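Engineer: So that we are looking at the same thing, I have put the structure below in structure tokens.
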């Protein structure tokens with residue numbers, strides 16, 4: 001539906017553009033490059049759809065629905081961009097966009113062809129693929145020096161980033177329902193999960209901080225966890241309390257993940273996850289993937305009165321295989337892409353010039369000093 005498409009378009013361009021404004025001197029690049037990559041990637045996605053038809057791998061369907069799929073697919077690129085934010089120059093980002101789209105389409109084709117995952121359902125893997133592809137890419141970039149002043153946020157950048165979060169939050173039910181037939185159920189379950197995750201984010205933020213105050217970094221990421229977690233099951237959940245529980249668990253895993261990953265996991269693996277895509281999208285997506293398998297098995301088991309356990313086992317094997325294939329493909333192809341982006345031809349940015357608009361934009365001194 002055109003209205004649903006417009007909602008998702010607003011969410012991806014405006015919402016994520018401001019969502020990525022987490023760095024004090026990288027605001028122009030966060031919003032500007034996000035817009036450039038999305039409009040470029042949507043065109044490439046449509047061309048790829050036509051190419052797959054030319055190869056005989058799918059039927060011809062370049063229409064309004066294809067445009068919607070292209071915009072949804074670009075969410076993976078936007079999430080990956082958040083992981084390498086401030087490190088890659090525009091040429092590197094464009095190359096990453098084109099390569100990631102190709103590999104994402106290949107991953108979807110594998111899931112559809114060999115694991116019998118419905119074609120539209122493969123698009124819900126954008127969070128998993130984008131997060132782990134981005135983490136693999138950023139691991140190939142040199143690590144910035146500790147205590148780099150430009151890698152910090154300011155109250156102003158936090159405010160703009162929170163504005164983007166609110167826009168993404170508002171339009172997320174449309175995102176989850178855009179390509180499904182059960183639109184009313186998807187919107188209802190997505191909203192309930194988002195609402196619970198928002199309330200839980202405020203509570204957990206106050207409980208986990210030493211002085212009992214809210215932390216903007218927690219709110220910024222955890223309020224979206226519910227939408228990510230129910231993305232696989234929003235269209236099929238029959239009881240609202242299930243969506244609410246998933247929203248709560250998503251918020252919990254995001255805030256706990258932000259503590260554990262930033263203090264233990266990321267330093268050990270030398271990962272510089274600039275905007276925290278691992279705990280904002282990756283972990284809730286993994287939780288949602290596990291929840292979708294559990295709910296499908298329970299639903300099918302109750303319907304068949306647990307009479308055919310072998311078919312249930314096969315269902316679990318195939319579903320888990322689809323998610324594992326998505327993560328594995330994202331990690332392997334992300335590492336390859338990271339190596340490609342650091343060849344001399346693409347003129348990688350020196351570590352001392354990370355996180356700085358002045359390298360790409362005409363910026364007044366006053367804005368920089370703010």
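Note that Cβ sites are derived from N, Cα and C of the backbone, with glycine treated the same way.
Please treat TrEMBL annotations as automatic predictions, because they have not gone through curation.
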Engineer: Scan 142-158, 159-175, 210-226 against TrEMBL and say which stretch is down as transmembrane segment.
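Structural biologist: Matching range for transmembrane segment: 159-175.
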Engineer: As a test: from 6-23, 187-207, 277-295, 315-343, pick the stretch that has the greatest number of Cβ pairs under 8 Å with the transmembrane segment (241-265).
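Structural biologist: Highest pair count goes to 187-207.
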Engineer: Under 8 Å for C-beta pairs, could you tell me which stretch among 6-23, 35-55, 315-343 has the largest tally with the transmembrane segment (122-138)?
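Structural biologist: By Cβ pairs under 8 Å, 315-343 leads among 6-23, 35-55, 315-343.
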Engineer: Test the contact criterion for the transmembrane segment (187-207) and the transmembrane segment (159-175): 3 or more CB pairs under 8 Å, pairs 6 or more apart in sequence, then answer yes or no.
Structural biologist: yes
Engineer: Based on Cβ pairs under 8 Å, which of the stretches 159-175, 277-295, 315-343 lies most in contact with the transmembrane segment (93-110)?
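Structural biologist: It is 315-343, which has the most Cβ pairs under 8 Å.
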Engineer: Find the member of 35-55, 159-175, 277-295, 315-343 that has more C-beta pairs under 8 Å to the transmembrane segment (6-23) than any other listed stretch.
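Structural biologist: It is 159-175, which has the most Cβ pairs under 8 Å.
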